[in-house]
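Remarks on the structure that follows.
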Amino acid sequence: MPSRKFADGEVVMGRWPGSVLYYEVQVTSYDDVAHLYTVKYKDGTELALKESDIRSQSSFKPRKSQSSSSSPSRRSNTRSRSRSRSPGRPARGRRRSASQSREHKDDKKKTVQETALALPVLVLFKPSENNTKRYNGEPESTEKNDTSCIILEQKLKPDLEIKRVLEQYSLRPRKDDRKKEEIYSEKKTFVAVKPVEKVPTKTKDLEFGGRIGTFILILFLPATVLYLLSMCKQDDPSLLNFPPLPALESLWEWRVFGIFLLWFFLQAAFHLLPIGKVVEGLPLSNGRKLQYRINGFYAFILTAAAIGVLLYFQFELHYLYDHFVQFAVSAAAFALALSIYLYIRSLKAPEEELAPGGNSGYFIYDFFTGHELNPRIGSFDLKFFCELRPGLLGWVVINLAMLLAEMKIHNLSVPSLSMILVNSFQFLYVVDALWYEEAVLTTMDITHDGFGFMLAFGDLVWVPFVYSLQAFYLVGHPTTITWPVAAAITVLNCVGYYIFRSANSQKNNFRRNPADPKLANLKFIPTATGKGLLVTGWWGFVRHPNYLGDIIMALAWSLPCGFNHILPYFYVIYFICLLVHREARDEHHCKQKYGLAWERYCQRVPYRIFPYIY
């Protein structure tokens, strides 16, 4: 990435966001990741600006006008003479000589020079706290007591102005003037500034405990999945009753691995179908926007049809339950192989295509977090595909398999009420994600995180095999609940879903069209990036209301399992820890991106996830 142009403490001219006005500011810091300068105005306002919105003071310094040495009477006389000798007027008296004609053109050119040097000045008002601001951050009005202003002459370009006025009056410069212009243009070509070589931007702030922490997680995450699934198989799944280690040969079966590969490539084929709309993602660091085909809901319908055909031909879907651990191991092996492929191909990726959070230079850390931001095979985006397709749809299929396994093992004509609630709640969550698939393009997973072991394992292993933990638990440990309890749990899930969906819709609609009349009642804080931070609605209640809805729904998914063991509530505990980590990461990212505006937002909305608690 290019090196910084302005140093800390340097006094420059900064453009006010959303306007063409420049003010005197002082550079306080520079963010190597976001490539933004934090500048401070004279009134104490701090904003984060791009390098293209900052100019040196020398470019605004006024030139001494040649016309200042000339008296007004002389200028008026000159202009009157040039008007009396205008080429468009008929000549009076005897015909002019050639020398008089040249003198006339010289006077004309001198007049043009004086006119060009007497250009209007640009008046810039000093920003004040009393100024009211629009969404784009431009001051709308200035109080009478704030009359201090900075008057700067526009940067003059006499040669270009002379040429423009000469063409306006149908005049042509002499041959020697043309030669001078050609020499001047050639000199400008030779003195062009040499572009600065791109310097790779390394990730400085390491998450997850750095190299040691990520190495431990690579080993710990698969072991955790194996531990949880083995616990559910026991008659007494208490935490103190540690399950025996399974034999290695019992963890692998090639037929299971083949079924998993068939599932993965079937979903890839559905994703490549030319159905659904094509949308653009957010701009990348180089300004380019990638295109994505949104057809997740169509893939869900095709998958449901395929499962229906299998059930019609009496395929034993509870085969998933009988070989559940083997399926998890197969998915983990595939995720590991995919992660190795992703890291190897990222070594040849251009610098601008690397993930800002996965370019530390340390192999194990970049392998875990993801080195390349958007790895693609042609137009097939691997990260976007894995985010919602194989794992999320696999979650629904696994829940259905657990429901059928419960009916077969316990000889039930209909599933238990607890199993119905778990399947229904999680089915709603998956359908919602696929219906609003386009919204995932604005998440941190797509815009910031690279595609490495963390996301590959999370999408292909953790989501389908850990998120279905409640349904897997109920097969071996049936729980009976009454209808009033079921109704109360349903209400709780609906409340969580309402908060989750309405908060996300509010945010997405505001991002798409802040001027929508339907959003006129929402208030926001303008930022230097041109975006606004909502301070009313759900986002004025807590900073991350979507996380609050997630946690409430996770609790509703676990309650049908009863309170005999804590194992079904592992998902709730994990989800709280995950969202607290994400919230802390979002806080750090937003503080760097929005600067002072984010501090004002935090003062306005003090609670992060839980109102009056956290």
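Just so it is clear, glycine is given a Cβ too, placed from its N, Cα and C backbone atoms.
Note: TrEMBL annotation is automatic and uncurated.
Using DSSP to sort the residues of the domain 'Tudor' (4-62) gives these counts of helix, strand and coil: 7 helix, 27 strand, 25 coil. The domain 'Tudor' annotation in TrEMBL covers 4-62.
If you look up TrEMBL, you'll see 53-112 marked as region 'Disordered'.
For 55-75, the entry in TrEMBL reads compositional bias 'Low complexity'.
Residues or ranges marked as compositional bias 'Basic residues' by TrEMBL: 76-97.
Here TrEMBL flags 101-112 as compositional bias 'Basic and acidic residues'.
For the transmembrane segment (212-231), the list of distant contacts is 237, 241, 243, 246, 324-325, 328-329, 332, 364-365, 367-369, 453-454, 457, 461-462, 465-466, 469, 472, 567, 570: same-chain residues at least six beyond its ends, Cβ to Cβ under 8 Å. For 212-231 (among others), the entry in TrEMBL reads transmembrane segment.
Per TrEMBL, transmembrane segment is recorded for 251-273 (among others). Same-chain neighbours of the transmembrane segment (251-273): 293, 295, 298-299, 302-303, 306, 323, 325-327, 329-331, 333-334, 380, 385, 389-390, 393-394, 460, counting only residues six or more beyond its ends whose CB sits under 8 Å from a CB of the stretch.
If you look up TrEMBL, you'll see 294-313 (among others) marked as transmembrane segment.
The transmembrane segment annotation in TrEMBL covers 325-344 (among others).
Per TrEMBL, the feature transmembrane segment maps to 455-475 (among others).
What TrEMBL lists as transmembrane segment is 481-500 (among others).
Remote same-chain residues near the transmembrane segment (521-542) are listed as 17-18, 36, 47-49, 133-137, 499, 502-503, 506-507, 510-511, 514, 548, 593-595, 597-598, 600-601, 604-605, 607-611 (criterion: CB distance under 8 Å, separation of at least six residues from the stretch ends). Look at TrEMBL and you will find 521-542 (among others) tagged as transmembrane segment.
For 562-581 (among others), the entry in TrEMBL reads transmembrane segment.
For the transmembrane segment (562-581), the neighbouring stretch richest in Cβ pairs under 8 Å, chosen from 294-313, 325-344, 455-475, 481-500, is 455-475. Sequence-distant contacts of the transmembrane segment (294-313) (same chain, six or more residues past either end, CB-CB distance under 8 Å): 266-267, 270-271, 273, 275-279, 388-389, 393, 397, 400, 430-431, 433-435, 437-438.
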